Amino acid sequence: MVNSGDLQYLAAAAVIFPSFIWYLRKNIVSPVKLHLGKPQQGGKVEAERQHLLERIQKKCPSLFDPAKAKYESTPWLLGGHLQTVYAAVANFDNTAQVEYERTLVSTPDGGTISVDWCPSSEIKPYDDTPTVVILHGLTGGSHESYVRQVVESMTQGPGQFRTVVVNFRGCADTQLTSTQLYSGAYTDDLRIALKFIQDRIPKAKLAGLGFSLGSNVLVKYIGEEKENCPFVGAVSVSNPFDLYLANKWMDETFINRNLYSKSLTDNLLRVFKRHMHHFENTGLLDIPHVLKSRRISEFDDRVTRVVFKYDTVDDYYRDASCARFIPDVRVPLLCLNAIDDPVAYHECIPYEACRNNPNVILATTETGGHIGWFTGSTNVTRWSVKPISEFLTAVLE
């Protein structure tokens, strides 16, 4: 005979168990949601563009095949916070061990940009190997696991493509040689690097790939260039899109202020400390005040705003935001974002602008974190490498 206590336990289980299963399904299996614009009609250019987009759909099953267009999370990394923290603290030293050949590019102001090539063999001017130009995140570089994994996929996969990572000034062991830094708004260094790359391999098709802040710079550049953009296509990953709103979000909650903003600021300060001797005795920056920064907005107000001559830090954020350039994108662009990304806030995603531009494919997953998308239980890999590689292969073939 079942007593009342047992019935209460059974009733509770009947409520909790389905909720638990729903939670697991929602956080483990996340279908890819596509936000597509309607194709435009008329003209040879539009016909060619539509043909390319149709080819992309056929070549990207991880985005367009209903049976395969889903992200399955690592079971012990459920949710955006775990995904993001794991991406920051896990040891990826044995993952995607690729070799680069570094070239230093001088800028008109006396600065230095480093570009890292893979494969590292000597390149001839007549070499027409399709090439992916990659921009890393805030304080990253070619050494980052999320960069190396795509480099490995593109260079060692069926396509045997080339990759070139453009490192921001002062990043990835690049010596700072002027008081000019980098920012989310500054696209001229990318222009300089692209001219160098095109001069070296003038016959090669180029595609772009950006992560986090690098994706913001990439999309801003593509929109600025409009029809003159040298890329045949591009991919944006974990893009913050609206730096003003993203940084307001970063300062809004306890965990954002004390985990993500502080961690990213610490990374910025580490880069700054390596090069701060360039700013000593110049009167440009209040270095003791800079070193007290605990939030990204504080660092940007004390360094980025000053170096790039903005009146306020909000002026910089508004100018840097690539969302306003989405309508001007003239090449196929894949934007991949996770809704639970705690850094690139989901309300910053310009859904309407993406839907109104037939060149843009916005793909979102409910979970995945910031440059995370880890999958597998024991052999943990990044699911995002697959749609990135499929899309880049489709536009470069």
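Here the Cβ of each residue, glycine as well, is placed from N, Cα and C on the backbone.
Annotated in TrEMBL:
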- Ser212: active site, charge relay system (ACT_SITE)
- Asp341: active site, charge relay system (ACT_SITE)
- His370: active site, charge relay system (ACT_SITE)
- 130-373: domain 'AB hydrolase-1' (DOMAIN)
- 6-24: transmembrane segment (TRANSMEM)
Local Cβ density at His370 (active site, charge relay system) - other Cβ atoms counted within 10 Å: 26
Coarse DSSP state, helix versus strand versus coil, of Ser212 (active site, charge relay system): coil
Local confidence of the domain 'AB hydrolase-1' (130-373) - pLDDT mean: 97
